[in-house]
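Enquirer: This structure is in structure tokens; I'll ask about it shortly.
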Amino acid sequence: MVKAPKYKRILLKLSGEALMGEGQYGIDPDTIKRIAEEVEGLVKAGIEVGMVIGGGNIFRGAGLAEAGMDRVTGDHMGMLATVINALAMQDALEHRGIYARVMSAIKINQICEDYIRRRAVRHLEKGRVVIFAAGTGNPFFTTDSAASLRAVEIGADLLIKATKVDGVYTADPVKDASAQRYRTLDFDQVLDQRLAVMDATAIVMCRDYKMPLCVLNINKPGALMNALLGNEEGTFVR
Ligand code: UDP
């Protein structure tokens, strides 16, 4: 018998860098196609998928501020970068026949819809992937915080933080061969030990509103579906 997914509605957080592939900047067409294919698999299994994509492959406000730009302007540019990524993901999904809608936290409604929670939930119920763009709409926040906020708002069963490593480790596995992967963690451990999972604002939001979090490797084919089937994958934070 085919195993049914354990989760009905998820929020998938991708960093902008996840779209770069081997590149140093921007969007790699093959990489975004591959991620869209993974998302297609989830939709076809009946899972409702919301997505938040960062903008770090294009601009980050903090980096622009270091280079001398006004921080708020830099953050506005960072938020617009997330819209560019969201549009690219919408396009990649639609090429696969998957309906998708970009909803932005800042008004740019000639390009995409405004974020309205009830409308977002309706899209999800109809099997459309909703890509939440422009973060929280406020400077000084990150798309990790936007992901935890939207996950709670839409009543997701699970927040998935997709990264380049297959979970949270005791040390950086690239630099330290003895680093061990945590299979499970609790939110206070993440905060107390300052484990690099998501920023503290996002972790506190997940903890306070009881949003389980799974950290997994988006470059590992099938990892997403494996986690959603309830199989051992990445690190679970509860
Ligand atoms: N950003 C913001 N408010 C938000 C979310 C994002 O100002 O609610 C800006 C901020 O400048 C950030 C940039 O958008 O650096 C891109 O987001 P993020 O750094 O989270 O992207 P990621 O690292 O996930 O690619």
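Every residue number used here counts from 1 along the chain in the order it is shown.
Any Cβ shown, glycine's included, is placed from N, Cα and C.
Per TrEMBL, the feature ATP binding site maps to Lys13, Leu14, Ser15, Gly16, Gly56, Arg60, Thr163, Tyr169, Asp172. Taken from TrEMBL, the feature UMP binding site applies to Gly55, Asp75, Thr136, Gly137, Asn138, Pro139, Phe140, Phe141, Thr142, Thr143. Residues or ranges marked as domain 'Aspartate/glutamate/uridylate kinase' by TrEMBL: 8-217.
Walk me through where these features lie, including what they touch and how far apart they are.
Expert: Reduced to three states, the DSSP call for Thr163 (ATP binding site) is strand.
Residues near Thr142 (UMP binding site) in space but far in sequence (CB under 8 A, at least 6 apart, same chain), listed by position: Gly54, Gly135, Asp199, Thr201, Ala202.
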Enquirer: Filter the candidate list Lys13, Gly55, Thr142 of binding-site residues, keeping only entries whose CB is under 6 Å from an atom of ligand 1.
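Expert: Within range of ligand 1: Gly55, Thr142.
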Enquirer: Counting other Cβ atoms within 10 Å of each Cβ, which of the binding-site residues Gly55, Gly56 scores lowest?
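Expert: Each of the binding-site residues Gly55, Gly56 was scored; lowest Cβ tally within 10 Å is Gly56.
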Enquirer: Hey, what's the Cβ neighbour count for Asp172 (ATP binding site) at 10 Å?
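Expert: Excluding its own Cβ, Asp172 (ATP binding site) sees 10 Cβ atoms within 10 Å.
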